[in-house]
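Feature list (source: Swiss-Prot):
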ACT_SITE  Lys124  active site, nucleophile
ACT_SITE  Glu194  active site, proton acceptor
ACT_SITE  His198  active site, proton donor and proton acceptor
BINDING   Gly15, Phe16, Gly17, Gly18, Leu19, Tyr60, Ala190, Thr191  NAD(+) binding site
MOD_RES   Lys124  allysine
Amino acid sequence: MENNSLAPLRVGILGFGGLGQAAARLLAPKQEMKLVAVADRHGYLYDADGIDVDNAVQAYTQQGSVGKAKKGQMSEQSIEDLIGEGEVDGYFLALPNLPNTFMADVTRQFIASGWQGVLVDALKRTSAVEQLITLREDLAQAGITYMTGCGATPGLLTAAAAIASQSFQEIHQVKITFGVGIANWEAYRATIREDIAHMPGYNVDKAQAMTDAEVAALLDQTNGILALEDMEHADDIMLELAGICHRDQVTVGGVVDTRNPKKPLSTHVKITGRTFEGKISSHTFTLGDETSMAANVCGPAFGYLKAGYGLHRQGLKGLFTAADVMPKFVR
């Protein structure tokens, strides 16, 4: 990976559903990053001069793939083909981790390809991050700096918990509660399936196998509300790896409204602990209700990509989490 420090980082996005499209639009006004590559399951698009986001979105929504866009290519091995063609400094893996091994499999593709640079994901499940941990040495040897768990939660709220923990001698509990409002669940099909997988009676395989009609029927039964408790969320292992607390002291739950863009409740993290004076107290960090899921996931992801690029230039390769590194603001 070679990039003049004064030139914008050349960025790719893998996955072009609701999250990937939001990420592309977020990058459009940025000066420090330039979107040059996108891929979906049926095709990819590479343009060293910068991708026309409107054209890419139109091709995806109207023709089913960015491969139909100007300069696009149809491919059933789009990730592999894109890695081989494009000069990209870092990729945001805006991919659904369905099945639960998918992100690790994609990571192995990058390792095997010989590509060097920065990868960032917004993974949710603890078990998915554990799979990446087993690839830590392989990533380092391949010359890849991988930033995992860098969305909203895990990610932004995990980092907030790591900072807030500094006030305490010991941490008693980290409680993350989120509210997500989505006007149209079909724009986030994979994300909703990942959330359904956390519900009682469901798992990743069952949620992945659901048809759109079955998902719609479930949402009809719940009036569009997904109430989630005691989720398997990688905030726990990330804070444990950072030495802040044991994973059993971290709880994550929330409410997703799939029929209303307004958040059903405020997203926040509450950190409770004991100070060195023996006082029990709590810090609470709350996200603004007007900030969308896309803003709170994609913004931190690119902030961590920028931070990861800094690590990469210093020769630091391998796996890092949102609790290990502060994100950098992307101008």
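Using the three backbone atoms N, Cα and C, a Cβ is placed for every residue, glycine included.
Just so it is clear, the model here is predicted, and its values are computed rather than measured.
Mapped onto this structure are the features recorded in Swiss-Prot.
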residue : record                                        : CB count, 10 Å
Gly15   : NAD(+) binding site                           : 22
Phe16   : NAD(+) binding site                           : 26
Gly17   : NAD(+) binding site                           : 19
Gly18   : NAD(+) binding site                           : 21
Leu19   : NAD(+) binding site                           : 25
Tyr60   : NAD(+) binding site                           : 25
Lys124  : active site, nucleophile                      : 25
Ala190  : NAD(+) binding site                           : 18
Glu194  : active site, proton acceptor                  : 20
His198  : active site, proton donor and proton acceptor : 23
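Taking Cβ-Cβ distances under 8 Å and a sequence gap of 6 or more within the same chain, the neighbours of Thr191 (NAD(+) binding site) are Gly17, Gly18, Leu19, Pro96. Annotation note: Thr191 (NAD(+) binding site) sits in a helical segment as assigned by DSSP. In this structure, the CA atom of Tyr60 (NAD(+) binding site) is 22 Å away from the CA atom of Glu194 (active site, proton acceptor). Lys124 (active site, nucleophile) has Glu194 as its nearest neighbour among the recorded positions Phe16, Ala190, Glu194, going by CA to CA distance. In this structure, the CA atom of Glu194 (active site, proton acceptor) is 16 Å away from the CA atom of Phe16 (NAD(+) binding site).
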